[in-house]
Amino acid sequence: MPPTGTEVGMIRNFCIIAHIDHGKSTLADRLLEVTHTLERNQMSTAQVLDDMDLERERGITIKSHAVQMRYTAKDGQDYILNLIDTPGHVDFSYEVSRSLAACEGALLVVDATQGVEAQTIANLYLAIEAGLEIIPVINKIDLPSSDVEGVARQIIDLIGVNRDEILRVSAKNGIGVDDLMEAIVARVPAPADNRQMPLRALIFDSVFDAYRGAIAYIRIVDGVLKKGDRVRFFANDKIFMADEIGTMSLKRNPVDILEAGNVGYLICSIKDVKDAKVGDTVTLVENPAAERLAGYKDVKPMVFSGLYPVESNEFEDLRESLEKLSLNDASLVYTPETSAALGFGFRCGFLGLLHMEIIQERLEREYGVNIITTVPNVEYRVIMTSGETVEVDNPSKMPETTKINWIEEPYVSMQIITMSEYIGNIMKLGMERRGEYKNTDYLDTSRVNIHFEFPLGEVVFDFHDKLKSISKGYASMDYEYIGYRRSDLVKLDVLLNGEPVDALSSIVHRSKSYEWGRKLCQKLKGIIPRQMYEVAIQAAIGSRVIARESISAMRKNVLAKCYGGDISRKRKLLEKQKEGKKRMKQVGRVEVPQEAFLAVLNIDE
């Protein structure tokens, strides 16, 4: 039964903000249990809302989910609680901001053993910008290693709440969950009653169903949506019929009407999930709203990588798999490309490194496609001498040096939260990665928040792994894109016997090009198998070779059959062998094994 007019004041829309592993999905399970949306014996798996295998395995939430719960408070009133689950990872911050826009309140969940982490702060700022009521919650208070008082001080310093406003819970054991439910009802504001206004509904997520097409999850901000209405999407001006609308409580419940304040879903035979864009506004054709809801933007991919099938005859399988994946993931962008070394494949754009890993893992796991990935890189802006601007996301597309005026690369602002004893290590890593140090804030006596600005190209690679290893796993990071800046960048080519291998070329800063070239040549020397002739591995910038390694030839002893005898006989055989090797070198192609392309990814090891 959808809420009627009198019940708009009984609706509470809220989300949970937390760093990875701070217990967000477990807390959501407890809320479902307390409200009897699900009984504990029905929970075949923990983390009910994380329904992808990958989400459960990595312990992260990738897609936003929504679930409606009914709760009878201690004041005897029946409330409708809409929990909108948000992805917690930096790559998905736009999805987070749209999920937050669908809420009036947020639970800020902090692990009692870990304290405030970087992504908690980043998402908290998004929530404050969205004007949400924030309820701080300390989770995992039952663990022996928990420091509840210390974490409470961090939260007070961060958002300036009173100590008694901070709730203490253990999501796993259900301690304090009843108090939390009462706090949600008491502190989260009810939605505004805008039913008289023209319809405006915010899409905060969309999923693809093989039978129904794209299903949009929506929050009705203004007006009323009825089943059978003709609706228009602002982003692409397309018109659809609302075939089915309803609310979500782990499964879809069809209703006839959704009013301002409600959260639900909309099915209208949309063939492509790209037509139901996250952040878009839906209005009625008959009585349209004058303008869309604020905050919509087209999400641009930040990291690019080539995906190639291991077996060249699997190209069509890869195409089909990418098509199916992109139905569910509107932020995945891909175009076909060819490489002389790897054959046919796709150039894919991702929101960030985690997004890239997830796509690769899902391709291999859900679709059984074995793929090779090239070095991830970012999109550079090349200002030509003619004055035009070219965007380059693949080193092999870089124009000739003589035609380039200058090159710009994307920068990000990053905050790193860590224990104070690791500051030195992190500063060193920051300087190695061309970071600009900004400032340091102390969160408490032992934890600091360090601000840097980095070129995105230095961060997309293995920065997160390095950060974790130098801080023994204690550092967490979060970054946001701040724009393009001019840099002294060069294209580094790898030549095998004078032939460039396009899949191994990369764009690096001039100051690092010699070291990178040398390391790459040494790495390849250990991977490329020996041939019957000498192989020269060279790293070059333009026509200038800056590093070289040689793989010596395998040699057959042609003198074995000459026991004694004349030196000229031996010389003749050696000359003949030399001649043959020279001819082989001219016609032979060096086979580059697949490990060589992966070597670039772990060049420092």
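In case you wondered, yes, glycine gets a Cβ from its N, Cα and C as well.
As recorded in Swiss-Prot, the features of this protein are as follows:
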type	residues	note
DOMAIN	9-192	domain 'tr-type G'
BINDING	Asp21, His22, Gly23, Lys24, Ser25, Thr26, Asn139, Lys140, Ile141, Asp142	GTP binding site
Helix, strand or coil at Ile141 (GTP binding site) [DSSP, three-state]: coil
Secondary-structure category, per DSSP, in which Ser25 (GTP binding site) falls: helix
Cβ atoms near Ile141 (GTP binding site) (within 10 Å, other residues, all chains): 20
Neighbour-count leader, CB within 10 A, binding-site residues: Ser25, Asn139: Asn139
Residues that sit under 8 angstroms from Gly23 (GTP binding site) by C-beta distance, when 6+ apart in the chain: Val109, Asp111, Asn139, Lys140, Ala171, Lys172
